[in-house]
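Engineer: TrEMBL lists 20-61, 63-104, 105-147, 149-190, 191-232 with the feature repeat 'WD'.
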Amino acid sequence: MSLLAVGTEKTRGISPRRKFEGHAGRVTGVVHLPGGQRIVTCSWDGSLRMWNLKSGEQIGKDWRDGENGVHAITLSPDGKQLVSGSDDGAMRLWDIDTGKVITKWTGHMRPVISVRWNRDGRQRIMTCSHDGSLRMWNLKSGEQIGKDWRDEESGVYAITLSPDRKQLVSGGSDGAVRLWDIDTGKVITKWMGHTEIVVSVRWNGDGGRVLSGSRDGTARVWDVKSGEIIVAIEAETSLYSAIYSPDETMISTGGSGECIKIFDAKTGKLIDLKGHTTNV
């Protein structure tokens, strides 16, 4: 379906194909499992759940290990395991077939907000937390690799790995976007432009640009080499996410208003798409 420019005519509504009901709290993450027939979700209600995409029914019982809310999940490269990050500052490695915890790692002092599987063949997990640190973990031993990555005392709300897995970008509570070197754990540079928490960061396909979204109601596209803002987007609502379209011609933002918004990735011009009635 093509998107219509603002003011041309009413945008056609999009109806959901399936509704998955069962979680008792906010759903904070979704991953698709190999084969395209199942998904796993996580929630503030403390559970992970597996669903049949065709029927909409839950598969098996809830996956639980305590009652701590779950903020993020990431799928292993082979699709056989999941890692989750929770309110208690712990990361848990789950077996997809059994829905059981294989092991639990602790170290963060506050909720783990984002987890990323570094698919570089060295079995490493990257995590970030409201405690202001990023950490790298050895999957086999469950031990932290090196020291905490820190740059000033700001909470970390989002992380994303570069396409070549050599760098990482983080979004902080101080409004900064930081570029990190994976091997040294040091900040390469810091980009300033947002005035509130940066809650979403994404690389583009070739690794030359980074998209950030903030609670200040703006999204920014940064040139990685120069650190300059290439595109500035005014979404005019506190953002929760900002992502590229698959062909990278558009940018979508979701926030606290009553709609998602689509922008031209080159010009930052708004393309309208409305319909939601609460936070996206």
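Placement of Cβ uses the backbone N, Cα and C atoms for every residue, glycine included.
A quick note: this is a predicted structure, and the numbers were derived from the prediction, not measured.
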Engineer: Grab the same-chain neighbours of the repeat 'WD' (191-232) for me: Cβ-Cβ under 8 Å, and only residues 6 or more beyond its ends, written as numbers and ranges.
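Structural biologist: Beyond its ends, the repeat 'WD' (191-232) has Cβ neighbours at 155, 157-164, 167, 169-173, 175-179, 238-244, 248, 251, 253, 255, 263, 265-268.
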Engineer: Other than its close neighbours in sequence, what residues sit by the repeat 'WD' (63-104), given a CB gap under 8 Å and a spacing of at least six beyond its ends?
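Structural biologist: Those are 25, 28-29, 31-34, 40, 42-50, 110-117, 119, 125, 127, 129, 131, 137, 139, 142, in sequence order.
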